[in-house]
Amino acid sequence: MRIAILSRNENLYSTQRLKEAGEARGHEVDIIDTLHCYMDITSSNPTVRYMGKVLPKYDAVIPRIGSSITFYGTAVVRQFEMMGTFCVNESVAISRSRDKLRSLQLLSRKGIGLPRTGFASKPDKIQDLIKNVGGAPLVIKLLEGTQGIGVVLAETNKAAESVIEAFMGLKANILVQEFIKEAGGADIRCFVVGDKVVAAMKRQAAEGEFRSNLHRGGVAQLVRLSKDERATALNAAKAMGLNLCGVDILQSNNGPVVMEVNSSPGLEGIEQATGKDVAGLIYEFIEKKAKPNANRTRGKG
């Protein structure tokens, strides 16, 4: 099969692993810089151009779209969908996952476990917003933040008020969530491919830190999922419409709760922690599912 990886940096671990794994299985794999793609959308024969040439017909596209280029990146994915190319994650699903509020609303509608959450831009009563999620300690997040950036733990109601007022001064949209103290600074990353959790790792925050992101110094280890945790991860991926994603779960007193669904999860941490060939499992999925016009939205959304 001929497969394209959309990635801005061919030297990233995940990009390199996907290329190596694909070629090891006999596929022809091209790495394409998403931002250097440009599209012909005026004709009845949609194409994607790159480096002055029309790109060839691909059997599948693996989007590795960074959050900073979501708008343009999803437009490129949508163009491939319009051409009938199978995209591992569809443009609509990627867009959903990048909108934290929309993601939580979709998960809530499906009855998937979530931390108590409030959303605000200019709340008239900050105290009521804080009270509504159970009071301090609580977590305040910028909607646009990634890798733990723009996430603050407020230990007291007064501190929470100050942080919310500061974010309001920046005209930022914020989420206010209950702090799951019983998780002990740890979360579980479930790597979903198709309808299976193919790998899972537990990430423990560094000492004195509540964010477990590996970019923040967290450490990862192999973990065995409970039946509820596995079901929660699969239901979250299904609700978002993602074939490939990382679902981050906290273990609360009320069962597993979803913190985030990542449509472009990194491979380095999960492969090193579990010893699994996750990149190869992604190609197994592609080999089974990649057919012309197999996308559900087919570029319509």
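Keep in mind that glycine also has a Cβ here, set from the backbone N, Cα and C atoms.
These features come from Swiss-Prot:
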| type | residues | note |
| --- | --- | --- |
| BINDING | K141, E178, F179, D187, R211, S212, N213 | ATP binding site |
| BINDING | D248, E260 | Mg(2+) 1 binding site |
| BINDING | D248, E260 | Mn(2+) 1 binding site |
| BINDING | E260, N262 | Mg(2+) 2 binding site |
| BINDING | E260, N262 | Mn(2+) 2 binding site |
| DOMAIN | 104-287 | domain 'ATP-grasp' |
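The two recorded residues E178 (ATP binding site) and E260 (Mg(2+) 1 binding site) have their Cα atoms spaced 14 Å from each other. Other Cβ atoms within 10 Å of the Cβ of K141 (ATP binding site) number 22 in total over all chains. For the pair D187 (ATP binding site) and N262 (Mg(2+) 2 binding site), the Cα-Cα distance reads 14 Å. Cα-Cα distances to F179 (ATP binding site) place none of the binding-site residues D248, E260, N262 within 10 Å. Neighbour list (E260 (Mg(2+) 1 binding site), Cβ cut-off 8 Å, at least 6 residues apart, same chain): K100, S103, V247, D248. Across all of the domain 'ATP-grasp' (104-287), the predicted model scores a mean pLDDT of 89.
Classification of D187 (ATP binding site) by DSSP places it within a strand. For the pair formed by N262 (Mg(2+) 2 binding site) and K141 (ATP binding site), distance between Cα atoms is given as 16 Å, rounded to the nearest Å.
Take the CB of E178 (ATP binding site) and look out to 10 A: across all protein chains shown you find 20 other CB atoms. Cβ neighbours within 10 Å of D187 (ATP binding site), excluding its own Cβ and spanning all shown chains: 24. DSSP assigns E260 (Mg(2+) 1 binding site) to a strand segment in the three-state reduction.
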